[in-house]
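Since the structure comes first, as structure tokens, the remarks are kept for the end.
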Amino acid sequence: MSGASPAVLLLAAVVLGGTLRAPGGSPQPDLDNRKHMELKMDQSLLLIHNELPGTDLIIYWKSERCYQCLFQFLVNISHGRKPGKPAFASVSVSTQHGSILQINNTLEEREVCRLEYKFGEFGNYSLLVKHTHNGINEIACDLVVNKNPVDSNLPVSVAFLVGLVLIIAISFLRFLLSLEDFKYWVSKAINSQETDHLINSDLGSPSGADPLTGDPQPEAQCASASGHRLRCLDTFRGIALVLMVFVNYGGGRYWYFKHSSWNGLTVADLVFPWFVFIMGSSVFLSMTSVLQRGCSKFKLLGKIAWRSFLLICIGIVIVNPNYCLGPLSWDKVRIPGVLQRLGVTYFVVAVLELLFAKPIPENCVLERSCPSLRDITSSWSQWLLILLLEGIWLGLTFLLPVPGCPTGYLGPGGIGDLGKYANCTGGAARYIDHLLLGSDHLYQHPSSTVLYHTEVPYDPEGILGTINSIVMAFLGVQAGKILLCYKGQTKDILIRFTAWCCVLCHEECLKKL
């Protein structure tokens, strides 16, 4: 991780720096008599020209990212008052995703034409709505680029390449240091310089050696013993931490460094499941070490409960920042949250491991040999409980009747699904939170609000979703068991990791069917 951290931090610096230098939307010289607006990030300027005589137009818009969404009003354009001088309107259009524009005749509310296009950031475009040369009843919508957009992804690309070069350079240096000839050459060069320095400066014997005998001192021979760390887990945790900090500080305001509105997956969406997975692996490794030292299970249970309680309490304080404005009112306190879910997940997984854990045989750890499928058969009782929990999640999600919503609905509500289920955001998950916690104690501004225009509270860290977090954490426990049971057997570890990937991918494909 020491090699990767500078690269990731440099990525953050370059992206943020490149974002601050992005140009704004300046007026074009040939558009002095037209409306202009100052563009913000992820916006472009669209000038819509109505060249249809005696026809008023109304423009609707929706994002390609918005699944089965209703069109939203964008702007009205009246017809030109004088022949040869078309009416126009200027609007800002989002450039995060592709856009779909629908132009309707105001009088008949009939669709004149439709256009799908991915606008570029800070670009300047003109949409010409006019009759074709073939006849007066045929209408064309032509898009003209007045000013080319900027490449807003260039800072990310540069930062990625710089980070990749640094990682390759560090890996190559480590490879050189692993070669005996190279280490001998470096050691010889260093020792030669140190000897010359000592002779010339008349300082006596080298540091770390006895000034009389020249023998190494005990302090130089022995370093303080440190506990064994699983470097791959520490590296994974470090990457997740750096990514979390970068995302929480805006992520350069790139859309893929923000949480997805509903469907899809962005970089920001990876941080939480990564932490849950890492937590599961850490729980197993630490619990195994503590139990092997003969610690009391009762005391461990108390520590687990106390740590979970602290996580939940700290989480409630963090997600309710209005305490700075006065005393917290229980009527509006948000109860679910990231730390709250981590606390509950940690408690369940740690208690399962505490109650049902079986000691790893000595021959697995010391002799690096372990019976086939030992990592699964040793925890069959835990797997039964995990499968039971997942069955409960499936049953509640797809079979629980929700008033006013179709059974098994998983959509965002709002303007999605053609606006049929506007207040059904999250389906059974939101309904359970509403019944047990109350809508006032849920997140009031979910990410689906921006794209899908949802109006009901929905908490992404709700009660029902905690079951899936427990399953993800237990997959981390399973990964820890594989690493410990087959320690030093890289081939066996990779085979089992690959098998688990295939099983989980197959399960995900079945869900989509």
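Every residue, even glycine, has its Cβ placed from backbone N, Cα and C.
Here is what TrEMBL says about this protein:
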DOMAIN    229-351  domain 'Heparan-alpha-glucosaminide N-acetyltransferase catalytic'
SIGNAL    1-21  signal peptide
TRANSMEM  154-177  transmembrane segment
TRANSMEM  238-256  transmembrane segment
TRANSMEM  271-292  transmembrane segment
TRANSMEM  304-323  transmembrane segment
TRANSMEM  343-361  transmembrane segment
TRANSMEM  382-402  transmembrane segment
TRANSMEM  463-486  transmembrane segment
The domain 'Heparan-alpha-glucosaminide N-acetyltransferase catalytic' (229-351), counted residue by residue under DSSP: helix, strand, coil: 93 helix, 0 strand, 30 coil
Listed stretch, out of 238-256, 343-361, 382-402, 463-486, that has the most CB pairs under 8 angstroms to the transmembrane segment (271-292): 463-486
The transmembrane segment (238-256) touching the transmembrane segment (304-323) per 3+ Cβ pairs under 8 Å rule: no
